[in-house]
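Student: Here it is, the structure in full.
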């Protein structure tokens, strides 16, 4: 790719992209806790799945831990945006921790749905990724029959005690197509299956739709986001499903010159936990290597804002 090329080179920026309302709330919650209570503030697991965000908050005085026992009694403990199980909540209280729940409100709504189905005597199926913190937190909201199914193949093998009372929910950051493949099997095997129209959060759906639009008018898609970010991985998959090459990158340092040979139109998006500064870094990298025109795509406007969480009494 040469800056002397006469080809018309374009950068097209997906809209919406980057931070969603739930991520913004979680980050604001940590910053507010630091401001109101001082350092250190402890966070159970990564508040969101992006190392740049984590590093920034760590520099501000946040301490990230994997076990509640790592937190001193009486200290502030923030639960991540992905949510936690009832057992974690009870354990934190038993350890004398002061807790703040930064669970995304949309994830909390799935928790309430699971609790409702469980109270009605249903076996609950969670369509989602095994060992993902959101799925583990959702599964842990109740005791009893809860099953996690990640694929259509797993759905074919699922065995439940009562097929006449069965309901499903989904991880909020999945791709719609992945969920539908599993549901086709579940509905065939369990005709009385209950469930919502969709648990995919609006931000996840909006960003996936934006990538589909981007894929139709670009030669290559760059998805800015961490490798452990579920929604970022889904964005890359949505791009490749259209036949457009798509790469998941942590930041501009992951870019390779070879990707852009013969490429005139580059699409850029970012996962829901990736800050806009990382997108800007990618754009700067490209501008140093070609005479690009930058176009901001039009897409679904998001005006939702969630208030930061405070101490649980």
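Backbone N, Cα and C define each Cβ position, glycine as well.
Here's the feature list from Swiss-Prot:
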- 134: active site, proton donor (ACT_SITE)
- 20, 104, 201: [4Fe-4S] cluster binding site (BINDING)
- 49, 82, 132, 229, 230, 231, 273: dimethylallyl diphosphate binding site (BINDING)
- 49, 82, 132, 172, 229, 230, 231, 273: (2E)-4-hydroxy-3-methylbut-2-enyl diphosphate binding site (BINDING)
- 49, 82, 132, 229, 230, 231, 273: isopentenyl diphosphate binding site (BINDING)
Student: What Cα-Cα separation, expressed in whole Å, is found between residue 172 ((2E)-4-hydroxy-3-methylbut-2-enyl diphosphate binding site) and residue 49 (dimethylallyl diphosphate binding site)?
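Tutor: With distance taken Cα to Cα, residue 49 (dimethylallyl diphosphate binding site) is 14 Å from residue 172 ((2E)-4-hydroxy-3-methylbut-2-enyl diphosphate binding site).
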Student: For the C-alpha pair, I'd like the distance in angstrom between residue 229 (dimethylallyl diphosphate binding site) and residue 201 ([4Fe-4S] cluster binding site), rounded off.
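Tutor: Here the two Cα atoms lie 15 Å apart.
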Student: Once near-sequence residues are set aside, which residues in the chain of residue 82 (dimethylallyl diphosphate binding site), 6 or more away, have Cβ atoms under 8 Å from its Cβ?
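Tutor: Within the chain, residue 82 (dimethylallyl diphosphate binding site) has Cβ neighbours under 8 Å at 45, 103, 104, 107, 132, 133, 134, 137.
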Student: Rounded to a whole angstrom, what is the C-alpha distance between residue 20 ([4Fe-4S] cluster binding site) and residue 273 (dimethylallyl diphosphate binding site)?
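Tutor: Computed Cα spacing between residue 20 ([4Fe-4S] cluster binding site) and residue 273 (dimethylallyl diphosphate binding site) is 7 Å.
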Student: Taking only the binding-site residues 49, 230, 231, 273, which one has a CA atom nearest to the CA atom of residue 201 ([4Fe-4S] cluster binding site)?
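Tutor: The answer is 231.
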Student: If you pair up every Cα among 49, 82, 132, 229, 230, 231, 273, the residues annotated as binding dimethylallyl diphosphate, what's the maximum separation in angstrom, rounded to an integer?
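Tutor: With 49, 82, 132, 229, 230, 231, 273 as the binding residues for dimethylallyl diphosphate, the largest Cα distance is 15 Å.
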Student: Starting from the isopentenyl diphosphate site formed by 49, 82, 132, 229, 230, 231, 273, give every other residue of that chain whose CB sits within 8 Å of the mean position of their CB atoms, in sequence order.
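Tutor: Sorted by sequence, the hits are 48, 134, 173, 226, 228, 232, 271, 272.
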